[in-house]
């Protein structure tokens with residue numbers, strides 16, 4: 001009777017992918033290598049006991065002399081169990097199960113005795129393996145065990161030769177780095193590993209069959225060792241980015257560093273495994289990797305994935321590239337600040353950090369992410385789904401780090417001076433993220449857009465509240481201190497400059513008020529369709545004109561400022577000075593509006609015309625209060641009686657004029673009109689009002705006085721002198737009186 005057929009098949013064949021607790025304990029007791037001689041003796045002893053001294057021909061010890069003794073090569077019946085560290089779960093225990101079963105298999109013993117010496121040529125054995133794989137592909141997995149062919153001896157020969165090659169490369173004392181292998185050696189190794197992988201896949205179709213269990217476990221252990229080596233080398237190659245400057249703006253330094261820095265900390269500094277041609281063309285590199293390294297990354301990743309080690313490959317790639325991207329962030333000056341750290345910063349420091357953040361955010365989205373996408377697509381060119389997953393996860397992780405800082409900024413305490421940096425961050429989130437929509441896979445991009453949208457909403461609400469607080473600050477500014485000389489009030493300067501600068505961001509602020517303002521109107525619309533009905537008319541037909549929410553906000557602030565300034569004008573006891581104050585502030589507002597196209601467009605012609613009209617009224621009030629009284633001195637009433645000039649009355653008129661003019665000059669030379677155009681307009685209007693009247697009065701009545709001392713006593717100023725002193729008004733500095741024009 002055939003020994004193989006007599007041997008009962010277990011109800012449950014050894015599994016390649018499972019391990020019980022008891023089997024795990026047995027696995028620990030098995031030595032690293034099981035000597036063939038010891039195995040043979042144990043098999044003989046077990047057989048003698050199990051057969052109860054049946055008449056079985058005793059095998060001579062000389063039978064062991066027929067076994068190949070080529071460098072410790074083992075046969076399939078006595079495989080080398082892989083260690084726990086090198087094998088996947090379920091492989092070691094199957095080695096134990098297969099070995100115990102094989103001890104009871106006399107047919108397996110017979111095969112050991114008949115094995116022939118291993119051929120030294122791996123290529124020849126590889127040809128046999130290819131044919132064997134092809135034959136296994138033609139077989140059906142549900143064939144009866146008795147009809148399936150035995151595993152040929154050259155499979156063990158092939159496995160041992162591959163294992164020997166792995167031992168040469170993956171020595172614990174001096175492992176060979178992948179970058180130091182010649183192209184021929186690396187190709188040969190990968191071809192051998194691919195054959196091991198294909199062989200294992202073919203045999204796994206028969207994993208439920210007893211006769212293949214030992215071989216499956218043996219080959220799986222060798223493949224695991226090969227994958228462990230390739231995993232380490234893939235990691236080493238991925239870390240070679242450290243030799244190249246990650247800043248794409250510094251191409252010259254990049255090339256220099258690449259040529260002078262050792263390729264890896266694990267390599268000897270005097271060795272340069274990279275061809276010169278691969279190091280001189282940095283423009284063709286992706287994320288700092290040379291073409292040679294890229295080629296190696298492609299081959300290693302492809303081999304690992306096809307061998308079923310996709311998870312390990314992706315994990316190594318992800319960890320290495322995440323470290324590379326985070327290192328790039330640090331080189332660009334990005335720091336991971338917590339929300340508390342950001343809130344504790346003074347505003348000057350936070351301003352600098354925001355500027356750096358915007359620069360880094362633009363750099364990563366426009367350059368780094370694009371390069372990273374090219375890298376993953378290149379390395380995993382045969383597996384686009386893997387590339388999508390890896391790049392999506394990497395880009396999202398970095399983007400979230402960047403967005404965390406923006407969120408912390410949005411949560412800081414609101415202040416008027418923060419508005420413009422808030423706008424900068426808002427615009428960066430709005431404009432930059434859409435640029436990478438085509439790079440990042442949709443499911444990852446959706447999460448980023450959701451996060452960015454939330455931050456933009458917080459920033460938008462903060463900006464709107466800043467304008468609300470600006471309104472409140474204007475209302476609350478009830479200072480009783482007068483501005484010397486009726487000059488422009490600091491509140492006017494601050495508010496107008498603030499609005500002028502804010503209107504440079506008109507487009508963004510229009511969007512902010514449209515999208516993030518909560519409007520308490522039951523009939524209001526939302527989004528871009530919403531508009532307010534203006535209270536003021538910009539239409540010649542006096543029809544209400546629609547205004548945007550931001551436009552309404554600007555006009556509201558202007559009206560509040562105007563009302564506040566009117567209240568402050570009442571602090572001046574002199575009505576003329578109050579008019580000068582209102583003219584100064586009104587003209588400053590108009591000048592700012594006229595100088596800003598955006599602000600002018602928002603304010604509109606109606607508001608501008610009204611303010612111009614108000615200034616003209618204040619101008620007339622000033623002339624009336626100051627120079628109207630002076631002109632009364634020139635009125636002819638009471639100066640003549642019966643056609644004769646009443647000299648005492650004339651003397652009194654000249655004395656009154658001189659005194660009044662001296663007082664006006666003394667006082668109003670200290671008044672301030674900073675706007676040169678307004679100052680000139682005031683002086684010209686005063687001269688046109690006073691000088692012709694004075695010249696006429698002087699020509700008519702100066703001859704009444706006796707020439708000499710009497711004339712000089714009462715006729716203090718000539719018309720030219722009056723013009724000179726008028727030109728000294730509103731300079732803010734009084735000048736001595738009495739100077740006459742020569």
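Counting starts with 1 at the first residue shown.
Cβ atoms are placed via backbone N, Cα and C, with glycine included.
TrEMBL annotations: computationally assigned, not manually curated.
As the structure is a computational prediction, the values presented were derived from the model and not from experiment.
Residue ranges 243-285, 286-328, 329-371 are listed, and TrEMBL annotates 243-285 among them as region 'Disordered'. Ranges compared are 433-461, 462-490, 491-519, 520-548, and TrEMBL records region 'Disordered' for 520-548.
Looking only at the domain 'Exocyst complex subunit Exo70 C-terminal' (356-728), the predicted model's pLDDT averages out at 88.
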